[in-house]
Amino acid sequence: MAVAAVRAVATTLRRSSGFLGGSRSVSTSGALQQKFNVPPSGNDLPRPGGIASMMRLPVQNDTQGLDACFVGIPLDIGTSNRSGTRFGPRQIRTESVMLRPYNNWTGAAPFDSLQVADIGDVFINMYDLKDAVKKIREAYSKIVANGCKPLTLGGDHTLTYPILQAIKTKYGPVGLVHVDAHADTSDKQLGEKISHGTPFRRAVEEGLLDCQRVLQIGLRGTGYSSDDYGWSRQQGFRVVQAEEIWYKSLAPLMEEVRAQMGDGPVYLSFDIDALDPAYAPGTGTPEIGGLTSHQGLEIIRGCRGLNLVGGDLVEVSPAYDPSGNTALTAANLLFEMLCVLPGVQYRRG
């Protein structure tokens with residue numbers, strides 16, 4: 001999926017100087033050594049340097065040998081308001097140079113535990129949304145076939161629908177932790193069944209979700225009716241509106257969520273507009289009164305112990321945040337998702 005020229009340059013850099021990322025040998029059983037990809041230190045490679053892969057990790061063309069991967073979907077033709085999320089994956093990768101390999105609060109050490117790489121972007125049709133959805137589904141069917149867990153850089157929220165289609169072929173219906181300002185359960189938008197406002201309606205219709213294991217958190221804003229979230233509740237979703245959790249730690253809620261999700265497979269979908277625009281203005285459909293960035297961290301960290309099979313971070317539209325802070329926040333949240341994947345070792349805590 002990575003552009004051939006970028007892949008060639010990345011390979012040259014790895015072989016000649018290790019600029020794109022090195023590897024770390026970790027003892028797994030006595031003398032047996034497992035080599036994992038490791039992001040380069042800012043002390044070894046200046047942060048403005050190198051190729052802008054996620055965390056400047058090695059780039060590879062497929063998921064062979066990988067436990068998890070970062071993958072971009074430069075999609076914005078499903079948006080209903082401000083576009084620009086096609087540039088989200090690129091900007092998230094750019095801002096990810098600030099990330100380091102260890103989580104200093106939780107003790108998570110994903111690069112001592114999992115083989116991770118950036119596999120580039122899915123090739124999509126920029127002029128035909130239905131064909132783009134088809135291409136995403138086909139690409140993710142290959143990504144998840146060998147058990148690799150994808151962490152997706154978006155891209156508008158339409159993309160979650162075909163990802164869930166692909167995941168069902170591997171895992172069956174999944175639980176869902178959906179963090180968002182909007183329910184995204186509309187039946188149609190401007191007469192169209194597929195858009196960034198409809199993915200979870202389509203997912204329910206196609207049996208992609210275990211509806212008793214679905215959480216929607218952060219929903220807010222004005223509505224088209226007095227009961228905009230009624231459909232979600234009728235399906236069995238747990239809906240937590242933003243106002244319910246103002247000024248609160250979300251650790252107690254996430255304890256309940258872990259019990260709700262149980263041992264079954266779970267997918268995590270995080271729309272950056274779940275956060276208040278004060279923290280993440282670079283998005284297409286902002287709503288005031290949202291979550292704080294530390295509440296976003298609590299939600300993802302609270303997914304530790306779940307059987308996560310993948311996740312996405314969507315709706316970053318860089319043009320609306322010249323500071324880059326929205327993409328920086330997105331990069332950090334994706335790292336946090338990596339930290340809570342099954343198999344990650346914790347050095348403390």
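Backbone N, Cα and C define each Cβ position, glycine as well.
Those TrEMBL annotations? Automatic predictions, nothing curated.
The model shown is predicted, which means the values in this text are computed figures rather than measured ones.
As annotated by TrEMBL, Mn(2+) binding site applies to His157, Asp180, His182, Asp184, Asp271, Asp273.
Listed binding-site residues: Asp180, Asp184, Asp271, Asp273; maximum Cβ neighbour count within 10 Å falls on Asp273. Of the listed binding-site residues, namely His157, His182, the sparsest CB environment within 10 A is found at His182.
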